[in-house]
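Some notes on the structure that comes next.
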Amino acid sequence: MNQDQLKQAVAQAAVDHILPHLDSKSVIGVGTGSTANFFIDALAKHKAEFDGAVASSEATAARLKGHGIPVYDLNTVSELEFYIDGADESDAHLNLIKGGGAALTREKIVAAVAKTFICIADGSKLVSVLGAFPLPVEVIPMARSHVARQLVKLGGDPVYREGVLTDNGNIILDVHNLSIVNPPQLEAQINAIVGVVTNGLFAARPADLLLLGTAEGVQTLRR
Ligand code: 5RP
């Protein structure tokens with residue numbers, strides 16, 4: 001199986017997992033990226049079995065709408081049973097690095113609201129220590145240099161993601177060469193820097209379930 005087939009398999013596994021819990025009032029939180037896109041395509045076959053979705057990015061909203069799935073503003077939704085999204089890295093405790101697609105802030109907001117966060121990823125995303133994937137940090141544009149200097153003090157090498165503006169109009173710094181031994185602590189430290197909107201560590205709110213695509217089949221890891 002190639003990486004796309006593994007992503008497709010976990011996307012289908014996520015649909016199979018949530019379907020028995022859905023009814024005509026259910027609204028589902030949907031993440032961003034290629035694995036989330038496979039999930040949207042698989043979910044669309046069942047669009048008559050739930051109400052609609054909340055999207056973590058403009059790209060995801062467009063894809064959902066393209067399938068005829070209603071997209072709601074998060075502020076109009078009182079309850080989200082599930083949030084389904086990919087990740088750039090996960091450790092065995094389901095702490096994640098996210099934001100390779102620059103959607104980390106909205107992803108973190110939707111994940112915070114959802115009762116159950118199901119992460120879907122191919123097996124290459126499971127690591128023993130987070131940080132080989134550069135940690136994305138969303139930053140207010142005027143604070144770019146200040147935040148970069150503070151990130152260097154924390155031991156990282158921040159690199160400006162050229163030509164990328166988030167859906168919120170901000171820039172991304174990708175922080176290289178971090179070995180993240182205490183994800184909740186680093187998440188809090190980076191978020192405390194003035195000018196940071198949020199960073200791509202999902203440790204204060206990790207995933208609840210990781211569906212991991214491997215050559216042997218879809219493995220389920222729980223927190
Ligand atoms: C977007 C994300 C994605 O979930 C992450 O980058 C994984 O993407 P893919 O499913 O394409 O491998 O955090 O901001």
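For all residues, glycine too, the Cβ spot is worked out from N, Cα and C.
Per TrEMBL, the features are:
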BINDING   THR32, GLY33, SER34, THR35, ASP85, GLY86, ALA87, ASP88, LYS98, GLY99, GLY100, GLY101, LYS125  substrate binding site
ACT_SITE  GLU107  active site, proton acceptor
Binding-site residues close to ligand 1 - of THR32, ASP85, GLY100, LYS125, only those whose C-beta is under 6 Å away:
THR32, ASP85, GLY100
How many other Cβ atoms are found within 10 Å of the Cβ atom of GLY100 (substrate binding site), counting all protein chains shown?
20
Report, in whole Å, the straight Cα-to-Cα distance of the residue listed as 'active site, proton acceptor' from THR32 (substrate binding site).
8
Between ASP85 (substrate binding site) and the residue listed as 'active site, proton acceptor', what C-alpha distance do you get in Å?
8
Other residues near the substrate site, CB within 8 A of the CB centroid of THR32, GLY33, SER34, THR35, ASP85, GLY86, ALA87, ASP88, LYS98, GLY99, GLY100, GLY101, LYS125?
GLY31, ALA36, ALA121
For ASP85 (substrate binding site), name the DSSP secondary structure in the helix/strand/coil scheme.
strand
